[in-house]
Amino acid sequence: MDDSGLLCCEVNVEWLNKQGILNRKLSSKKASLRILRGNTQQIFIEISVEKVAPVKLSFSKDTQVHNKFMKDGKSSIRFPSENATVFISNAPPEKLRGFLKTIFIKMTNGKALPKVSTTLRNQVLLHKPSQYEDISPVTDGEIIKAVRKANGKSTDTTPSPLAGRKRKIERSSTDKAPAAKKLYSELPLQEHTLDDEQMNILNACLSGQNIFFTGSAGTGKSFLLKKIIGALPPDVTVATASTGVAACHIGGITLHQFAGIGGGDARIERCIELASKPPIVTIWRKCKHLIIDEISMVDGTYFQKIEEVARKIRKNDKPFGGIQLILCGDFFQLPPVAKQVPGEKKFSGSRFCFQTEAWNTCRLITFELQNVHRQTDKRFISILNRIRLGKVDEDVTNTLKETAKQNIEGDGILATRLCSHTKDADIINETKLKALEGQSKIFEAEDLIPGTTKQLDNQTPVPGRLELKIGAQVMLLKNVNVSAGLVNGARGVVKDFRNGLPLVQFKNKKEYLAQREQWIVKTAGGASLTRKQIPLKLAWAFSIHKSQGLTLDCVEMSLGRVFEAGQAYVALSRAQSLEGLRVHDFKSSQVWANPEVISFYKTLDQMRIIPLGVNRNATNKVNIKSRPVKKSFKKLMMEKPIVTIQ
Ligand SMILES: Nc1ncnc2c1ncn2[C@@H]1O[C@H](COP(=O)(O)OP(=O)(O)OP(=O)(O)O)[C@@H](O)[C@H]1O
Ligand SMILES: [Mg+2]
């Protein structure tokens, strides 16, 4: 049964007397709230806490619901007729959202709609023979639709009566329940829903076990991670990622910021000392669920160190001091940035997290997502899956070579070039902007707290200083209108400046007068830093490293200078379709997978923990190739040569 009428959270209820003085109080860190319907159809909220009889407060037309901090798991509901206020905190944000939506629907439905007959209601909802009935967020309109569908009558063919009624509801709900109307309009837009495999992983995460989920690029790992974050209590959940941009994508902080041990290069005793300082220590102790996105880029030695720090700081011998770990990433994508210990020539420590003892002691339950959502073309998905494993056959080579001739530009929007080196991307953007005629317009970001610019530069995708001209190639950095296709990653060109703001035309021909948008990032201490800026960035070129996690609709690349295993795969898998991709001078030697990653995924497959493609697709024919690897890696690589499976 739908449980959106049920919420587990921290609660404070305050009753005031007529003079506004606190009369009675109820507080609990572990309360459960239910929305119920009484025999007289009256809607109640029932608050149950241990050792106290449940409290019931009844909704009326003057009930006020405050949802401004819903994303942080906080809300308050005021019942003026009973002089009481319910303060909700530490509620899983997604659950809270569903709970408040149920209240909204019941508040407006009850007043604005003609009643649906009990028979109809019982056909759809479970009837409870008790004095109170659990309620669901189903509207009367939805009940009618569901019953008609069950009876084989399509509701689509009878639009007028329902549509007319819906309009009436909207009007009358504005008249009769303004608070509820406001609440509903402020609820975030529902985007896609989780598919079955994503849902399984969400449930596994909610069961409290340590989880690692992987999957090829575009299988919705980050998308799912956001839903997982939304389903966990925010006060005890820390969402992190290995890079600032990835952290911003899931509304979290970098793992380095959270852990508070700098780069982790110091000896373990010093690392523990560093993490024992406030406010870092408080967060380490409070944390019950640690989420890490883009785990492939977390250095193994660092991962091992924070595991020990966690045990010592929390004075708990369980792995990670008893914190639940939720790890997500694809080790076939970018590896950790190579680290060289000062004074030592050798690359130091474990390269990947999965090679550490800490990884083994955590006993992670592993899943692999199989459904690719970024691309829809089955042929392109199959090509990308082969590239992920370093398998480049004739079909892959020919298909990618053919893209070199494609004209993917349209309406003045040029393809974004992905570069293997960050410097190259910066130079391209600077030179192209300079070459445009016309006046530059500079947009300086408004960083609300002085001195936070560097951190915001690192943690948000949006530049502190944005220089634009008419004709500048740009990328949108926010979902400003999902249904119009104005989404994060959409490519456009600056057509004009109106009232000092850039007018951008996108690939789908939609125009958008860019307004300042807001980015809020968290500090390790839990404070919020805010940057306001035009949600655009120059897009003639990006580095492949900066493009990790992105979805791009018009992209070109030359992979001649790639230097990491998985780098070509990351670049190619940013494209949404073969039609929106152009690869120059493609050669099979530009694609290779790390042999240690291949072995790791094979062990997972052998353990039958997850179904994987490595064993099934790889043949025994293995070509050993020498790669243009980074100097600091060379010694390591001499022992274990990089291979390409063909
Ligand atoms: N269940 C879903 N239904 C529809 N679209 C989805 C679903 N899950 C993810 N998507 C969409 O698929 C695209 C890719 O998702 P996402 O960026 O989360 O993939 P990822 O696995 O993290 O990729 P990468 O490995 O490149 O970081 C996004 O546009 C996302 O909104
Ligand atoms: Mg991702």
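Here the Cβ of each residue, glycine as well, is placed from N, Cα and C on the backbone.
TrEMBL labels come from automatic prediction, so no person has curated them.
Given the ranges 227-246, 527-546, 567-586, the record in TrEMBL names 567-586 as DNA-binding region. Counting residues 6+ beyond its ends, the DNA-binding region (567-586) has Cβ neighbours under 8 Å at 216-218, 332-334, 374-377, 379-380, 383-384, 387-388, 397, 399-401, 403-404, 406, 408, 415, 418, 420, 544, 547-548, 550-560, 592-593 in the same chain.
A Cβ distance below 6 Å to any atom of ligand 1 is met, among the binding-site residues S216, T219, K221, by T219, K221. Other than the site residues G215, S216, A217, G218, T219, G220, K221, S222, same-chain residues with C-beta atoms no more than 8 angstroms from the centre of those residues' C-beta atoms, the ATP site, are F223, D330, L369, V372, H373, R374.
Reduced to three states, the DSSP call for G215 (ATP binding site) is strand. Highlighted here are the binding-site residues (T219, K221, S222) whose C-beta falls below 6 Å from ligand 2: K221, S222, in sequence order. A217 (ATP binding site) counts 24 other C-beta atoms within 10 Å of its own C-beta, drawing on all protein chains shown. Each residue of the DNA-binding region (567-586) gets a DSSP state, and the totals for helix, strand and coil are 9 helix, 5 strand, 6 coil.
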